[in-house]
Amino acid sequence: MNISKSEMVKETSLKPSRRSLPCLAQSCTYSQNLSQSTSLFQSNESESQAPTSVTSISVEKAAQVNYEENKNDSVLNCSFTDLSDFCLGLGKDQDYMDDSEPAHYDRSRLIRDSVLKDKSALKPKSLSKNDMNYIASSGLLFKDGKKRIDYILVYRKSNIQYNRRNAFEKNLRAEGLMLEKEPAVANNDIMFIKIHIPWDTLCKYAEKLNIRMPFRKKFYYTEKRSESMGRIKKTLEKIISFMPKNPMVLDKSVFPDLEESKCYTGPFSRARIHHFIINNKETFFSNAARSRIVYHVLQHTKYENGVSKVGIYKLINNGAYEAAFPPHEGAYKSRLPIKSHGPQNSRHLLYELWARWGMWYKYQPLDLIRRYFGEKIGLYFAWLGWYTGMLIPAAVVGLCVFFYGLVTMNKSQVSQEICAASEVLMCPLCDKNCSLQRLNESCVYAKVTYLFDNGGTVFFAIFMAIWATVFLEFWKRRRSMLTYAWDLTEWEEEEETVRPQFEAKYYTVERVNPITGKPELYQPFSDKITRLLVSVSGIFFMISLVITAVFAVVVYRLVVMEQFASFKWSFVKQHWQFATSGAGVCINFVIIMMLNVAYEKIAYLLTNLEYPRTESEWENSFALKMFLFQFVNLNSSIFYIAFFLGRFVGHPGNYNKIFNRWRLEECHPSGCLIDLCLQMGVIMFLKQIWNNFMELGYPLIQNWWSRHKIKRGKQDASIPQWENDWNLQPMNIHGLMDEYLEMVLQFGFTTIFVAAFPLAPLLALLNNVIEIRLDAYKFVTQWRRPLPARATDIGIWYGILEGLGLLAVITNAFVIAITSDYIPRLVYEYKYGPCADRLMSSHNCLMGYVNNSLSFFDLSELGLGKSGYCRYRDYRGPPWGSKPYEFTLQYWHILAARLAFIIVFEHLVFGIKSFIAFLIPDVPQELHERIRREKYLVQEMMYEAELEHLQQQRKKSGQPVHHEWP
């Protein structure tokens, strides 16, 4: 919203409201001396209110304008009726103190937090000196050495859009910001605009944006039972204190910046500023809050006449400015050890505690991440850490299933029979160059298949389906605790501005907003449906393109299969099926990476075609398209191998062929599961390596080249912090979408086909341990500081994760029933094996299973001049039977058992998932009661603080004092 200078003078006075909450500063101590208080709206850096800038405006005019602004601001600041006592010292930088008595509460029903027992915690911290020292040392000040830099704008001198920039900067000064220009050291064409927001402008927009600030120490209601439990808890803590410390926990005593605030908070109000204790106006508002306020002003300031001519990012899109970003808080490295000299700044502390590779086993300092990068990025790392921690039990169970197969591999009846079948000849797997092979040649493949297809497979599939539900349900609890700790329980996202593309398209179409009653731009329903249908058609077209690519890879495998079978290298010729699968996987991976680039451009085009109204709608639509494209692209070949490979090949003498030329590929004699494991393992491994390189390696190379050019151009120049930030890579335009997309696709890989690859959780765990530190290193050292945005959840990604959890149940049921040999072995064991007619038997119930699962074919029908019989995997009648090569009754029994297993498995797992989701509440009961209790206490404190202030005002004016509301 734009407010001109004249409108600022005419702004009406604010009166105290009973609904405005009294606030307390970060020190959380009661104030002592009200009579010595001075104005809080006039800071030392804004005494002159002269926006320092290197412009062509004459000094005389600037001084005259600034004098008028100061006069108007003084009138504005002194217009509050309840703040007449504070305007005596206008323009002076004296600390505000309050001599009001503490409010009288029922102390018998309240207890303090255990943290408050340390009296040193109640002492105010002298933050100003340390903060200003590192700000000054890092060069984050104006030339006068007093005003701190809150935001940076960058433009090129050669850019000819002078009028837009001048109008925009003039309006920024009218909003109360201070600007200072400074040319770049390494590039004469680059100009930096340093932005500082003064105290009174901070207060004004903090109230407008409802920024919550602390105002009272927290008290908690307790009962006798709670008191006794509290004593037991303290006793246990004393006992634990003598035990060795957890090496994963950060030592907060060494790093005092990690201390958490234990204060009640409420929306900031200038009319209630007398309830705040402000020891230092420089640190009262955090750097993240200052950056958000400046960003709000930048986004709502006009640069030309017109409804849509507003916002810094529109100026960046049309080239008037190159970039806009908050500066980093100095360098991330220091020559002095942090334990003896302390951190130089928050960025240095983050690097030492979080971004260094040596801290891979430590917990993440989420409070510090949130304070520096904002709640949105803090929630991403909290979710990533929670996901990584939950992968530990999944990886352990998957590893146990794998080791179970490894230990019992030589005892497997199926593997023993295959390895001993030296006289059994298998039919040729291709038409031209393939010869008859003995079944025992598949001995190694049979043993490897057993590692992934054993008795623990079904248990692990059920476990992972339940694990996915537990992970999501407990994440909701974790999120609720984080939103409470980060004071986001009552935060409401401000109304988003309309995207400029939407404004330009529908500027003539308006409707009355049913909530506000004001006219707003509107997209007609028919136009919206038409564009949505076109977008959906584009999505289906891209999905069909993916299927076409998979079909091309299948044809490639059929073509090279016979070439590898006649290869002159003996190793390739002997393992031609493995060579065919490996080459197909690598080619498929290359196609996946190439199509991902095309999908991103298509997703952009389709999303822009829909004309979303706001940025969040655009991000959700774009994220959903990117997920659909990449999910289908990544998993289509895996679905083919899992459910179609070797299912429709026919039988010897009557094979199905593509284009009547290429015979469809059959599974290995030991089964199709080995191909599925190979496909999943190679794609998962290669994709993680590629993603890690693109996330860290590519920015490292770009930043190295930027530093190389600077050193080549300016040998001994001292580069200021904001120019170092400019030389870093900007955070990608998708924000956290790429990070979430990578992890969500990995979650799908980990859960959807986990029955075929139980090592997937272990690979995901190892990757995520690296991913956390890689992302931390990237955010702290390689990227410019992003805007510290706020959020209460992970957005659309939670719904996608829930959908993947449901899909995982279905796919694992089909993998166990169709891809693996679990159901055929089960049917043989209880219907056709040696244990079929006896409840208990000393014999192995799977004895003879391999021979039972292979059908006979007469070699004389192939026309190869050979006689006898060969075997192939299927349940068909023998050539000497009444119905040769027809499906036997056992085939239909197995098919019915497979369908029954799918239905029972799905209903059982879905029932367990629903029951667990019902048992686990989204918000812990204790936290729910605490939130309700705090709301009540805040209301009581608000009224008592207002009554106290009113009594003091009446006492000073000589009026009678009442002890209740008049």
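One-based numbering along the chain as shown.
Heads up, the Cβ atoms here are built off N, Cα and C, so glycines get one too.
According to TrEMBL:
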| type | residues | note |
| --- | --- | --- |
| DOMAIN | 142-366 | domain 'Anoctamin dimerisation' |
| DOMAIN | 369-934 | domain 'Anoctamin transmembrane' |
| TRANSMEM | 380-407 | transmembrane segment |
| TRANSMEM | 457-475 | transmembrane segment |
| TRANSMEM | 532-556 | transmembrane segment |
| TRANSMEM | 576-599 | transmembrane segment |
| TRANSMEM | 622-645 | transmembrane segment |
| TRANSMEM | 744-766 | transmembrane segment |
| TRANSMEM | 794-818 | transmembrane segment |
| TRANSMEM | 891-910 | transmembrane segment |
Surrounding residues of the transmembrane segment (794-818) on its own chain - C-beta under 8 Å, 6+ positions past either end: 379-380, 383, 457-458, 461, 464-465, 468-469, 472, 479, 619-620, 623-624, 627, 642-643, 647, 676, 740, 744, 747-748, 751-756, 898-899, 901-902, 905-906, 909-910, 913
Among 457-475, 532-556, 576-599, 622-645, 744-766, stretch most in contact with the transmembrane segment (891-910) (C-beta, under 8 angstroms): 457-475
Cβ pairs under 8 Å between the transmembrane segment (380-407) and the transmembrane segment (532-556), at least three: no
Maximum Cβ pairs under 8 Å to the transmembrane segment (622-645) - stretch from the list 457-475, 532-556, 576-599, 744-766: 532-556
For the transmembrane segment (457-475), sequence-distant contacts whose Cβ falls under 8 Å of one of its Cβ atoms, 6 or more beyond its ends: 383, 386-387, 390, 393-394, 397-398, 401, 750-751, 754-755, 758, 761, 798, 801-802, 804-805, 808-809, 812-813, 815-816, 820, 822, 905, 908-909, 912-913, 916-917, 920, 922
The domain 'Anoctamin dimerisation' (142-366) [mean pLDDT, rounded to integer]: 82
